[in-house]
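Pulled from TrEMBL, these are the features on record:
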- A:12-31: transmembrane segment (TRANSMEM)
- A:25-386: domain 'Cation/H+ exchanger transmembrane' (DOMAIN)
- A:43-61: transmembrane segment (TRANSMEM)
- A:67-86: transmembrane segment (TRANSMEM)
- A:98-120: transmembrane segment (TRANSMEM)
- A:126-147: transmembrane segment (TRANSMEM)
- A:159-184: transmembrane segment (TRANSMEM)
- A:196-219: transmembrane segment (TRANSMEM)
- A:231-262: transmembrane segment (TRANSMEM)
- A:282-315: transmembrane segment (TRANSMEM)
- A:370-391: transmembrane segment (TRANSMEM)
Amino acid sequence: MQDLDFLPSFPFEFNVVALFGILLVAAFVAGGAVHKSGFLPRVTGFTLVGMLLGNSGLDIIDNATVLKLRPLLDIALGVVLFEFGQRLDFKWWRQDRWLAVSCITESILGFALAFGALLYLGQPPLLAGMAAAIGISTSPAVLWMIARDTHAEGQLTDRAMNLVAANGVIAFITVSMLLAFLHLDQGAPLRLALLHPLWVVAGSIVLGFLAARSTLWLAGLTSKTSDSRLAIVLGMVLTAIGFASVLHFSVLITLLVFGVFIKNLDHEHRVAAVDVGRYGSLFLAVLFVIAGASLSWHTLLLGGMAALVYTLARFAGKFLGVMLISPFSGLGVQKSAWLGLVLLPVSGTALVLAEDVARLYPQFGETLRAIVLGSVALLELVGPILTQLALRMARETRQA
Amino acid sequence: MDEMDFQSSPRMSMGVELELQVLNTRDYNLTRGAPDLLRLLSKTPYKDLIKPEIAQSMIELNSSIHHRYDELLLELRALRDEVTRQCGKLNLAVAGGGTHAFHQWSEQRIFDMPRFHQLSELYGYLAKQFVVFGQHVHLGCPSGDDAVYLVHMLSRHIPHFIVLSGSSPFSQGEDTAFHTARLNAINAFPLSGHMPFVQSWDEFRAFFERMKNMGVVGSMKDFYWDIRPKPGYGTVELRVCDTPLTVEKAAALAAYAQALGQYYLTERPYQPSSDVYELYTYNRFQACRFGAQGNLIDPYTGRHTDIGSDILATLQRVMPYAEQLQGQAGLKVLQREIEENGSDTRWLRHTLEKEQSINDVVRLQAGRWMTPASPPGSAR
């Protein structure tokens, strides 16, 4: 060893642990300050800090940073999707079939209007389809954080969570299926076009199922009163996230399916009352910072008219879908309108879906990203505020 | 018309009010589901029988006026089935039981109605701790004097109703060691306890006017007594019971109250005695804490017995009146339970022991309320 080699080289690079810590602190300092205002959600603070640190601000968080943090972001989305999967209660659908109908109607209408609008603007059908499929999903992260922060509970909150979970399943699977067409469109062999989506979708579902079965079995080995169950569930969630990315499955599908199987297979209520979402919130906060950082006026302009029209058409479809079915369902008309509004936000999951496609075919991905990111940029400040407003107006938050 | 004019009603007609817990079906905590549930129920034929209560996680079922136990039971079952059906649509559950086993009172929200906000303003945290669930039984009386007499007579039997209905051993996630913890929440109120020792409706009316003129109360509603006359309905209202875990039990309790009332108004075996109230809090505490094993001192004879035996002896004595009113099946339900040393409280404790999870206790408790097949008197 030479003289003074023990000193760190300059400019030194933050490792992922330090980065995570700094962003976490920054997020909650800003989030807390914004939250004190009384009418802005904490999430807005996270996003603002991201914008400040991102490439349209101080440029501390660049693409390399985001790549480094990707495993943590997977954890954030994985945990929240696992929680949402558990809200997809098929028993409820059987007792209120209109809830299932409203979910399907709102998914199809949202897809159809967004697809039609993009076609009308002259976008190629495959691109329009892919964007519209991503648009079926609604941000689970936004709803999750705001519902927790405001202690929201009631029919609007429960139904919104159910719809967002179901939307996620439909969106993720549709996007994966469209991959087949994308492969063919880009001149890939048929074998690849067929096997890749199959690998992702079937693999994720099998992994989710196996994770759920083993979690239930492992939880059964411990006593209900101990804290072990929480640790086992959290550990299995992390394991599933890790395996999904190692095996090139979809983390989103795997964890969502994992949650759905837990909810619908847990006949002995072994993990029904285990709350892993509490820990997920920490990771989610950083996800919001990153999402804020990756957006700028530039992305907003790049998405342009297409992003704006796409956003409006998607929302119109979802809103209409909910309102059409509401007279038959257990939710009143007024609350249904607020429910439609809660389905507006798009965020982390949409970004991840667009990124995954863009990684396969960068050229195709560029336009797709522009539209989806543009939509996320449009909604990332407005969306959470409207979600909180809707929950408050429906009198389901604690402060109301 | 004066609110203190006693509206005569047919002797021993009866009605029941049941306060129910509204729960989510994930962890079975209380949830603010009452407004949505009431909206759905308002479209059913039962809309007039189901009402909001102080908290958004509580609804109240009211029976119509009945003369017979079997008719009351039939209606309560139909009400239960309708509520269960509507709950399914909303992914909610309802349950009986005097307290929620693990709910934290600070999380409670008060229903958005002026009277409820006034209560919250006046009583502070007591109003939120008051989120407990009781059964009220109304017994029709021909006159105010009869009502006053019956209140004094039934006061001796308050420990019976506490023991028979007890279904609240848990509070805030802990075993309280009480047979019913619900009454501890009620004891804190300044106007809880019992009616003063008056001898006639005129005397009672004079007492009420004094209290009202001094500004202590605004109406009869402000007295949270275990048992009170209700002049507007022409009834005596027994308010000490926990909401039992099944409607079958609720109907049986009403049948017992009815038979007791019939016995006292027919035989008039005792002159009202203030001795009842000297021992009142002692006997009441014994019932709340120890259930059927509690000690009871008979105010008329000074004899000590355990409450269980005293219930069995009383059931025996009033059985002919129950037969006359066709309510003997209800009394048999209660008799069997005491003989088998069962109770809702025991069932709850036993369930916790078996399941090891308080969430599961509430889940099974809701299942017990909502399942039509639950056989009467199977509480062990």
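A Cβ is built for glycine as well, from the same backbone N, Cα and C atoms used for every other residue.
On a predicted model such as this, the values are computed, not experimentally measured, just so you know.
Sequence-remote contacts of a segment are chain residues at least 6 beyond its ends whose Cβ falls under 8 Å from one of its Cβ atoms, and for the transmembrane segment (A:282-315) they are 20, 23-24, 26-28, 31, 43, 46-51, 53-57, 61, 66, 69, 72-73, 75-77, 79-80, 110, 113-114, 116-118, 120-121, 123, 131-132, 135, 141, 144-145, 343-344, 346-348, 351, 370-380. Here the transmembrane segment (A:43-61) has long-range neighbours at 23, 26-27, 29-35, 142, 145-146, 149, 285, 288-298, 380-381, 384-385, meaning same-chain residues at least 6 beyond its ends whose C-beta is under 8 angstroms from one of its own. Sequence-distant contacts of the transmembrane segment (A:231-262) (same chain, at least 6 residues past either end, Cβ-Cβ under 8 Å): 71, 74-75, 77-79, 81-88, 165, 168-169, 172-173, 176, 199-201, 203-205, 207-209, 211-216, 218-219, 222, 271, 274, 276, 279, 349, 352-353, 356. Here the transmembrane segment (A:126-147) touches the transmembrane segment (A:67-86). Their Cβ atoms form 3 or more pairs under 8 Å, with each pair 6 or more residues apart. Taking residue pairs at least 6 apart in sequence, the transmembrane segment (A:370-391) and the transmembrane segment (A:159-184) share fewer than three C-beta contacts under 8 angstroms. Within its own chain, the transmembrane segment (A:67-86) is flanked in space by residues 16, 19-20, 23, 140-141, 144, 161, 164-165, 168, 237-238, 240-241, 244-245, 251-252, 254-263, 276-277, 279-280, 283-284, 286-287, 290, 348-349, 352, which lie at least six positions past its ends and keep a Cβ under 8 Å from the stretch.
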